[in-house]
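Participant: Structure below; questions to follow.
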Amino acid sequence: MNILVINCGSSSLKYQLRNINTQRVMASGVVERIGESMGQITQRSFPDKWPDTKDTEELPILNHEAAMKLMVSKLTNGVIQSPHEIDAIGHRVVQGGESFSHPVLVDENVMNTIKDNIPLAPLHNPANLIGLEQAMILFPETPNVAVFDTEFHQTLPRHAYMYPVPKIFYEQFKVRKYGFHGTSHKYVSKTASVFIGQKIEETSLITVHLGNGCSMAAIKNGKCIETSMGLTPLAGLMMGTRCGDIDPAFHIFLAKNKGLPLSEIDILLNKSSGLLGICRKNDMRDIHEARLHGDDDAQLAFEMFTYRVKATIGAYLAILGSVNAIVFTAGIGENDPDVRSMACDGLENFGINIDPTKNNEKTAEARYINTEQSRIKVLVVPTNEELEIAKATAEVVND
Ligand code: AMP
């Protein structure tokens, strides 16, 4: 069964074609700068036999319809013979609101509900909808499945997801904590429970997704009971360019004292804050390089970033009561031993001990990085959101 996974952003389209029976990724690609004067498509193909190929082409890509057609023409140029070989399409959809706690087969009702949720994700859901609409036009016979970033967090208890603002905002506008990166938290929590040889229903985990966007989840017996992102992906940890949790009165301060309009506050907090706002760099590799050269702003950014992860580990230890493992994932979580060790530094009394040798190993496999004595296991698990979406799609279609 061949599953095409689509992640449609406002100016990009990421895709991956996988045979779910053999687990083989057949091709993956990204179309970038859709709608700009010059765009680009890059596709990597992984044929049964070597060699893999990488093909990049620059050309103007007018809109998402053109991007999808381009993807189909690249896929049918050697990877598959015809679009009919695609058995189902799995779509990443960012915001499912309270309507979706599982992946769903997409029909008109589902499309309308995703539209209804646009006010909660004004940048993401419209792009996700375009991907769905185009897939329905280009592959009229093929089932589409929507997999939501928010669905894994729908198990949060109400005392965790409600905000202490007048309740009418929840009742009328569904203002509450939703959480994001759900597909990643779900994938790494399942992978970690298999790795430590425990049933997910009997495992309590803290998952730490540190990439461009950063979020954490407290997972009790397989169910998410707390997460750091909120109504939007701006909340929680410090991120590459996003501020994470700050005093909400900062908005009032900016408006009153600086006269900033909402649009500029939005850009300031989403695109110019986080690591970038403190040290003018948002890639952790560049920040380490700068620290090595004595850049104090880079050092401060590193300390702030890891301090917030540590503080959230502490909060989630309290919420969960007992924890089997802490799981680091995503670009920084998987690759950065300094961030992992700093975030866990001083937590020995809580039963968390990192082994420096294991922590410094470079491998793309899931692995332990804790010492033998550590009561709580600490793991690095590479995330794989595309695989999780492909599996969920196959399950829904085969149901
Ligand atoms: P992601 O969003 O999961 O793709 O993560 C992207 C981020 O991971 C980049 O912005 C970097 O900050 C970080 N990253 C990637 N590779 C490394 C590495 N080897 N060491 C430290 N950070 C890394």
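Cβ coordinates are placed from backbone N, Cα and C, and glycine is handled just like the others.
Annotations per TrEMBL:
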- Asn7, Glu385: Mg(2+) binding site (BINDING)
- Lys14, His209, Leu210, Gly211, Asn212, Gly213, Asp283, Met284, Arg285, Gly331, Ile332, Gly333, Glu334, Asn335: ATP binding site (BINDING)
- Arg92: substrate binding site (BINDING)
- Asp149: active site, proton donor/acceptor (ACT_SITE)
- His181: site 'Transition state stabilizer' (SITE)
- Arg242: site 'Transition state stabilizer' (SITE)
Participant: Comparing the binding-site residues Asn7, Asn212, which residue's C-beta has the most other C-beta atoms within 10 angstroms in this structure?
Facilitator: Asn7
Participant: Specify the nearest of the recorded positions Asp149, Leu210, Arg285 to His181 (site 'Transition state stabilizer'), where nearness means the distance between Cα atoms.
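Facilitator: Nearest listed residue in space: Asp149.
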Participant: Check Asn212 (ATP binding site) against DSSP and tell me helix, strand or coil, would you?
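Facilitator: The residue in question, Asn212 (ATP binding site), is coil (DSSP, three-state).
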Participant: Give the maximum pairwise CA distance in Å, whole number, for the residues Lys14, His209, Leu210, Gly211, Asn212, Gly213, Asp283, Met284, Arg285, Gly331, Ile332, Gly333, Glu334, Asn335 listed as binding ATP.
Facilitator: 24
Participant: Where ligand 1 binds, which of the binding-site residues Leu210, Asn212, Asp283, Arg285, Ile332, Glu385 are close by, with Cβ under 6 Å?
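Facilitator: Only Asn212, Asp283, Arg285, Ile332 meet the Cβ criterion.
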Participant: Sequence gap of 6 or more, C-beta under 8 Å: which same-chain residues meet both conditions with respect to Arg242 (site 'Transition state stabilizer')?
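Facilitator: Listed in sequence order: Gly213, Pro233, Leu234, Leu269, Asn270, Lys271, Ser273, Gly274.
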Participant: To the nearest Å, how far is the Cα of Lys14 (ATP binding site) from the Cα of Asn7 (Mg(2+) binding site)?
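Facilitator: Here the two Cα atoms lie 5 Å apart.
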Participant: Would you kindly give the Cα-Cα distance separating Arg285 (ATP binding site) and Asn7 (Mg(2+) binding site), rounded to the nearest Å?
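Facilitator: Each residue's Cα considered, Asn7 (Mg(2+) binding site) and Arg285 (ATP binding site) end up 26 Å apart.
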Participant: List, in sequence order, the same-chain residues at least six positions removed whose CB sits under 8 Å from that of Asp283 (ATP binding site)?
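Facilitator: Asp283 (ATP binding site) has long-range Cβ partners Gly240.
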Participant: Take the C-alpha atoms of Asp149 (active site, proton donor/acceptor) and Glu385 (Mg(2+) binding site) and report the distance between them in angstrom, rounded.
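Facilitator: On Cα coordinates alone, these residues lie 10 Å apart.
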Participant: Which state, by DSSP, holds Arg285 (ATP binding site): helix, strand or coil?
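Facilitator: The three-state answer is helix.
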Participant: In Å, rounded, how far does the Cα of Ile332 (ATP binding site) sit from the Cα of the residue listed as 'substrate binding site'?
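Facilitator: Distance between the two Cα atoms comes out at 22 Å.
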Participant: Out of Asp149, Glu385, give me whichever of these recorded positions has the highest number of other Cβ atoms within 10 Å.
Facilitator: Asp149
Participant: Would you mind reading off the Cα separation of Glu334 (ATP binding site) from Glu385 (Mg(2+) binding site), to the nearest angstrom?
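Facilitator: For Glu334 (ATP binding site) versus Glu385 (Mg(2+) binding site), the Cα atoms are 14 Å apart.
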Participant: Using other CB atoms within 10 angstroms as the count, which residue among the recorded positions Arg92, His181, Arg285 scores least?
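Facilitator: Minimum Cβ neighbour count within 10 Å, taken over the recorded positions Arg92, His181, Arg285, occurs at Arg285.
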